[in-house]
Amino acid sequence: MSELDQLRQEAEQLKSQIREARKSANDTTLATVASNLEPIGRIQMRTRRTLRGHLAKIYAMHWASDSRNLVSASQDGKLIVWDSYTTNKVHAIPLRSSWVMTCAYAPSGSFVACGGLDNICSIYSLKTREGNVRVSRELPGHTGYLSCCRFLDDNQIVTSSGDMTCALWDIETGQQCTAFTGHTGDVMSLSLSPDFRTFISGACDASAKLWDIRDGMCKQTFPGHESDINAVAFFPSGNAFATGSDDATCRLFDIRADQELAMYSHDNIICGITSVAFSKSGRLLFAGYDDFNCNVWDSMRQERAGVLAGHDNRVSCLGVTEDGMAVCTGSWDSFLKIWN
């Protein structure tokens, strides 16, 4: 038996010890605890606004912290900032590369960012003196596509990439401050914790990881999915998070219990999940699917509570406003829809 096989065996034994330790700490299940909760009933939401203007598939969207404006990125090579109340386009930004996969709105509302197959995170300033929008910084350094980016503030942004890493950047200097390494597959998504001290990443190695932004270390790894994780989203309390995967399930993981609490799936749902987001209370989990629908799950009772049907193609992205009053879905049908 080679040394490598011995080490593999040892690693497997350690993994099963961890599984046993998790089991012994698991004194009840979420289903048991949630069984005496009132059912929330059928969630029926209507399309309040349709944002038309993109000419190709929409790949990403992100709400501004004012819960009114949002930014969307499309294969038509445009980044559009919308006013969701009036459906007006506040800015239409032509991109240098049309192969965009992610976009983000800075908490201050002064900047947006995007990136994709160009491997670069581009930062655009919305509040220039001249009134025009321009690239204020380009952040090259990833050796694979940019899959997700989120601002910490106007000078720091976290990115995830197809090069199996995440990174923290100083926007002013354009330098990478921290590299977060440990995934063994493309990192597809990230979600910042409510206190901005940690973030979760989901990757094609079918695991999610919790990272400390300040020291760059991976604090926890969460296995369980059977295929790529495409989307992750923190629970509003910051103590749990949801994942969406190509294995046709969403799952809820508890950070303090260090394990999976719930799985959201249905025999009729056989396609992958592209995006996930929680309602303000965390009771509802919105998930966008390849079959053109957005399912609404009761996160506690693990039941389907509703469906947002209105797109004619894959729902590629979704987001809930900070005030919790609206959901936006973006699709390959080139439209964004606002629901409540």
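Count begins at 1; order follows the chain as displayed.
Cβ atoms here come from the backbone N, Cα and C positions, even for glycine.
Residues or ranges marked as repeat 'WD 1' in Swiss-Prot: 53-83. Positions annotated as repeat 'WD 2' by Swiss-Prot: 95-125. Marked as repeat 'WD 3' by Swiss-Prot: 141-170. As annotated by Swiss-Prot, repeat 'WD 4' applies to 182-212. Feature annotation from Swiss-Prot assigns repeat 'WD 5' to 224-254. Annotation source Swiss-Prot lists repeat 'WD 6' at 268-298. Per Swiss-Prot, the feature repeat 'WD 7' maps to 310-340.
Most Cβ pairs under 8 A with the repeat 'WD 1' (53-83) among the ranges 224-254, 268-298, 310-340 are made by 310-340. Under DSSP, the residues of the repeat 'WD 3' (141-170) split into helix, strand and coil as follows: 0 helix, 20 strand, 10 coil. For the repeat 'WD 7' (310-340), the residues of the chain that approach it from at least six positions outside its boundaries are 45-52, 54-63, 65-67, 70, 72, 74, 76, 82, 84, 274-281, 286, 288-294, judged by C-beta separation under 8 angstroms. The residues of the repeat 'WD 4' (182-212), classed with DSSP into helix (H, G, I), strand (E, B) and coil, number 0 helix, 17 strand, 14 coil. Mean pLDDT of the predicted structure over the repeat 'WD 3' (141-170): 98.
As a summary of secondary structure, the repeat 'WD 1' (53-83) carries 0 helix, 18 strand, 13 coil according to DSSP.
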